[in-house]
Amino acid sequence: MTLALPRSDPDQSPLCIRGLTVSYGEQPVVFSVDMTVQDGAMTAIIGPNGAGKSTLLKAALNIVRPLSGRITVYGQPLAEQAQRIAYVPQRASVDWDFPTEVLDVVLMGLYRDLGLLGRVRGHHIRHAKDCLDRVGMEDFAARQIGQLSGGQQQRVFLARALAQRADLYLLDEPFAGVDAATERAIIDVLKSLRAEGKTVVAVHHDLSTVRAYFDNVFLINRRKMGEGPISTAFTPETVQATYGGRLADGQITQLTQDA
Amino acid sequence: MLIDALFLQIGYNATLVTLGSATLGLAAGATGTFLFLRKRALVADAVSHATLPGLALAFMLMVAMGGDGRNLAGLMAGSALSAWAGLLCLSWLTRHTRLAEDAAIGAVLSVFFGFGIVLLTVVQTLSAGRQAGLESFLLGSTAGMLFSDALLIAAGGLCVLACALALRRPLLLVAFDPGYAQTQGINVQRMDLAIMTLVMAITVVGLKVVGLILIVALLIIPAATARFWSNRADRVVLLAGLFGGLSGYIGAAVSATAPGLPTGPIIVLVGFGFFVGSLLLSPGRGVLSSALRHRAYQRQVHLRQGLLALARQQPVYEAMTRRLLRRAGLVRADGVPTPEGHSRAAAALRDETRWQALRSSMHLSELSTRDDGLTLILDVLTQDQIAELDRRINASPRVV
């Protein structure tokens, strides 16, 4: 297995992880992982269930505390650059019966601008509505979030991340359980972010769309199983190594070759 | 009498108690909402029970130093310290052991309360003459409340309220989505500690009025009541403050109308009254309105199914469907459709056929999620789209 070296310089990479180990109790979920995200590209984190994909993302954001490891963001420690990162959590991670409306959720993305007591002004609302517009949800601003479909919930989370005007977007399974129209809407937004020079990293579960959606892959199954551009790193061998016996051989070949 | 009480016309002490309780209720309701939305209501119960050892110890200390053991400020300080200790035990247990939070709550609550009861017994044997009234902090007692006490309760309540409102944005963000809040530079653990500290302060402030066992009701019931009336968190906070304040005011006034009516429990019962009223009557989430909505929906479904059966010349078996059809004037008593019944049935069948055609259509099939059996396709599609559908239906007629 040959790994293509990431093209970007680790010192300036939007997200550079070295020696990251995360464990719940004494069971490591992510073990000694190095990752270097390429600037201005879209990277998919793939691996079987329970392989530590989401945990890797959460540790990179310091939502779960790693046991060891060093994380730099654009060459600086995470704490100094946290405002350049926007996070889109898994849809299922929150209670959708919470009393709040769509626009309020998007305005949460402006917390760093607003602070504790800053007043929500007209330009904040306009910005939040623009973000909703980008994900095709402008008509839903005043809806109670519990009335949304799964795909619409995911779009609201994406709009909240857009509101942050970040440079690096980290998404946890953005396409899980969403309808086809939403999947298209989300990928369009992500590609437009890339066109603006932003960097996108997404945990992804659907191997059949990796090739169409992403530039790079990062394969993980507790340990790093491969990293690099699709053409060199997303091969039957690497996918077989990552997923073990969970996928049939023919299936893997079909998924990883150009259609 | 009650009217007089509600307009603060029955004496100085009653007025003090009523205003003090109203302020406490306002502060407790609004602050408790943040806890309620964070889904940690029971932590408040553990914290409030944990005040008891500190209360007794503070009493002993003040008596030992030759002071008045019943000085309210001193008792508040003591109970705050022991509530704080209980809170630290609780968060240590949940964070550093594999104990789930509910088990940790049970352990902390019962151990602190038990220890407090032991101390209370000791106090009673030590200085039998001077301990009078210490156990009244279990359920609150407003008899003989001093002006300084009322002032302390009101000022303390308003301070806590101001702190809670100042922190409302991070508190709500943490309550909705803690992981995301962390990425926004909010220290989730510190926010959780902050809200618990505010809850502890409310407990301590409310000791005299409602007592440590019932204070949790004043924190949670107004929030649960307010949730029935609004879908926006900031309004839920305001409404909870309103319900809490009203409960405090009305409850204290009612208890002043007759001797021997306990203030704290009556305040809680008034709050519960608001809760039951909201549970029944709230337009969005109330029991009554959802029952009515469900019934209306059921009728529509029955009518629709009945019409489709008429159009397909099938017998209608369900009594409810037959009754609805008859009452709408769509069938005669012998089950034969009226002229209007015929035309409505044909329209229903046409709509149904179009929905079926839409499902198999390449570009419109996404809209089939809008098909709930009742929505008319005329509301979903434009005229030209319907015409196109009809062309396809006529091209390949099939029995639907």
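Glycine is treated like the rest: Cβ placed from N, Cα and C.
Features as listed in TrEMBL:
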TRANSMEM  B:12-37  transmembrane segment
TRANSMEM  B:49-66  transmembrane segment
TRANSMEM  B:72-93  transmembrane segment
TRANSMEM  B:105-126  transmembrane segment
TRANSMEM  B:146-167  transmembrane segment
TRANSMEM  B:236-254  transmembrane segment
TRANSMEM  B:266-288  transmembrane segment
Under 8 Å, at least three CB pairs between the transmembrane segment (B:146-167) and the transmembrane segment (B:12-37) (pairs 6 or more apart)?
yes
May I ask whether the transmembrane segment (B:266-288) has at least three C-beta pairs under 8 Å with the transmembrane segment (B:236-254), counting pairs 6 or more apart in sequence?
yes
Between B:12-37, B:72-93, B:105-126, who has the most Cβ pairs under 8 Å to the transmembrane segment (B:266-288)?
B:12-37
Would you mind listing the long-range same-chain contacts of the transmembrane segment (B:12-37), meaning Cβ under 8 Å and 6+ residues beyond its ends?
5, 43-44, 142, 144-145, 147, 149-150, 153-154, 157-158, 160-161, 164-165, 168, 171-172, 175-176, 195-196, 198-199, 202, 205-206, 209-210, 215, 218-220, 222-224, 226-227, 233, 236-238, 240-249, 251-253, 255-256, 263, 267, 271
Under an 8 Å Cβ to Cβ limit, what residues of the same chain, 6 or more beyond the ends of the transmembrane segment (B:105-126), are close to it?
42-43, 45-46, 49-53, 55-57, 59-60, 63, 82, 86, 89-90, 93, 99, 134-135
